[in-house]
Structures are given as C-alpha cells and as structure tokens.
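First up is the structure itself, then whatever we jot down about it.
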Amino acid sequence: MAVDAAALLLLSAAIAAVWFHPPTTAAAQGCASQNLGSNRIFAACSDLPHLSSSLHWTYDRAAAALSIAFVAPPAAAEGWVAWAINPTGSGMAGSQALVAFRQADGKMGVKTYNITGYALEESKIAFETSDLAAEYAGGFMRIFGTLKLGKEMTVVNEVWQVGGSVTNGVPDKHAFQPENLESKGKLDLIRGVSSGSGDSITRERNIHGVLNAVSWGIVLPIGAIIARYLKTFQSADPAWFYLHLSCQLTGYIVGVAGWATGLNLGSKSKGVRYTTHRNIGITLFSLATLQVCALFLRPNKDHKYRFYWNIYHHLVGYTVIILGVINVFKGLTILNTDQKWTTAYITVISMLGGIALSLEAITWIIVLRRKSHKSTKPYGGSNSTGGHHGVQQPLSV
C-alpha cells in the first residue's frame, strides 16, 4: 500500500507538470498569410504573442523611417486598436501611439496620442508621421503609417492594445486581463525581430500554476489519503506516519514557493486584482503554516489533550485541502487555459476521490471483520496479537 501511494504521488506530480506546460500563443491568423493589398508590401512581419495581433514593417535605415501595418481584432465591433512606440520605458506610460477606430462620419481613421495616463487626449507625438490610414475588414482593424525615428533608434519598445468602445470620439479604457497587460515587447529594426516581453510574466504565471496545483491540489490530498487509510493496516505502522509527514511537508514547501511567485506576480500587475484567488491563497498559507507549527506541539497518544489536538488537526487539514482544490480551479480560470487542462485536473481529483471512497469501504470492512472476530472469542480469550491490541481503530490519529 505504501509503495502504491508513493507511485500515485509521483504519477500525479508528473501529470500536473506536463499539464501546466506553458502553451504557445500565436495570432489568430499568421502574418505571412495576411493580404494587406497589392500596394502594401512589407519587408518583415511578426505574430505578436498577445491579443491575436500581428505587425508588418519596413525600416529605411538611411532615412530612419519605419513603415508599419498593425493588425488586430478590436475587443468589440465598435472598439479600437492601437500600436505605439515608447521611447522612455516598456509600458503604456510615455507611449507614442497610433489609435484606429471608426470616426464620427462612420469611416475608419487613425489619431495620434501621447499617452500620459488613462484620460486620453488627441495630441502630436514625438515622431513625425505620414500616410496614416485605417481599415476594418473580416473582424480585424488595420493601422497603416510611417514614423520618422531618430537615427539611433534601431531597437524600440513597442506596445499594442485593443479596446471595446469609443465615446464622443475618445477611446474608452481597455480591459485589464493578463493578455492586455502583457501586450508589450521589443522591435529590433535591424534584425527584423519582434518579441513580446510579456512572455516572462506568462512563464512565471505558469510556474505559479504548476507549483500550486501540484502542492495544494494534489500532494496534500494524497498525504491525507495516506494518513486516513494506511494506518488501518498494522504492518504499515509507523511507515504511514512518515509517508504522511513527507507528503505534507513537501506539499507545504512547494506551496509556499507557489504562494511567493503569486505575490511577485501581484507586485508586477498593479492594475489586476483577483481578490478571491488572492484571499484564498493567503488563507491557505496561514492555515498550512499553523499546521506545521502545531506539529511541534503534538501531544503523545496517551496525553489528555491528544483528542482535542486530533480534532484541530483534522479540521484545519481538511479545510486546507478543500480550499486548495477550489483555488486551483480559480487559477485555471484566471490563466484562461484550454478546457482540456481543466478536464485533466478534474480527472486527477476524481481519481483521488475514487481511491479514497474505495479505501473508505475497504477499511470499514476490515474493522468490522476484526470486531466480529473478537466478539466470537470466549471471554478472556486471547490470540497471537494479544488481547485488545488485536482490534484496530482505523480512523483516529
């Protein structure tokens, strides 16, 4: 039984590690296959890593002129799309933006914005612009234009965004989902390479997911199964205790690492607040830390306070497991993963639940048979196990 439990632990951890492998994100339509018109040919293009967008460009190094075509679906039909260069940083603040949306006359147009905050005002930008135009076809908006850059600007910070509405000719705020917050990167004009710097955040989010799913969502439930059912078998004592302790300490250490990555992600995403997910995570960390500390105050089996310690230990332990599983599902929703990953986790949890139910039935059958066997013995009789020590009480610690 101990070997089977250890094997199940390793198998579940392996499933979770593969399951949360960061998925590859690409634009909904490959840039190489996009037809922008016979008179619009660009030297390079790149499928940007967020918001199903792509960028086409040609850089005239002698003239320091950058001609671009930015393609993205707006968040809604009456929304807007934007592409910008930020000469002072990597985020939105300071961006020199080209924003396309349907104008008051119903035609598509491009306006320029020097982004200093969320209250947008049309203004000149730091770069001279020409040939600005916009199109909307097939659910995608396209921005065309040429920017006159400084001679030294061969690698620039790019930012792109989409929004769902325009009010009185002014684009409204965009969403604050991870896709929106990570839509930034660097454009190397000489090498012809565009890459999203948000990939590092995506990687950290997936690491956060792996650590927490394996620890709170899989390892701790397995440790609880070991403690509840292996001790029914006298031959497993005290091995079950050390297996249980190893699982729970491993789950706690890995879970704390996952919790720490979550705090770090929160510090990098000031505009995002997943309040329920965060509060459950803080509660998990607090209760699990309390469990670890209580381990050092564990009374002996014959101590008068052991009964109360057992009640506390079971109550807090099962609370941690339930909250852990709930928070894994919360995390899956936040990560916006494919349905197959949610299905995979449901499968793993269902397997553990099925194993627990089977073992529950088996252990009670064993206990009832032992009690029945004892009741048929003559008064004062004994067996090879010696008196009352032959009766196992499986559901106490």
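Here the Cβ of each residue, glycine as well, is placed from N, Cα and C on the backbone.
Transmembrane segment is the annotation TrEMBL gives to one range among 81-101, 207-227, and that range is 207-227. Here the domain 'Cytochrome b561' (170-368) returns a mean pLDDT of 85 for the predicted model. Taken residue by residue, the domain 'DOMON' (51-163) breaks down under DSSP into 0 helix, 65 strand, 48 coil. Counting every protein chain shown, the number of other Cβ atoms lying within 10 Å of the Cβ of HIS208 (heme b binding site) is 24.
It is HIS244 that, of the binding-site residues HIS244, HIS277, HIS313, has its Cβ surrounded by the most other Cβ atoms within 10 Å.
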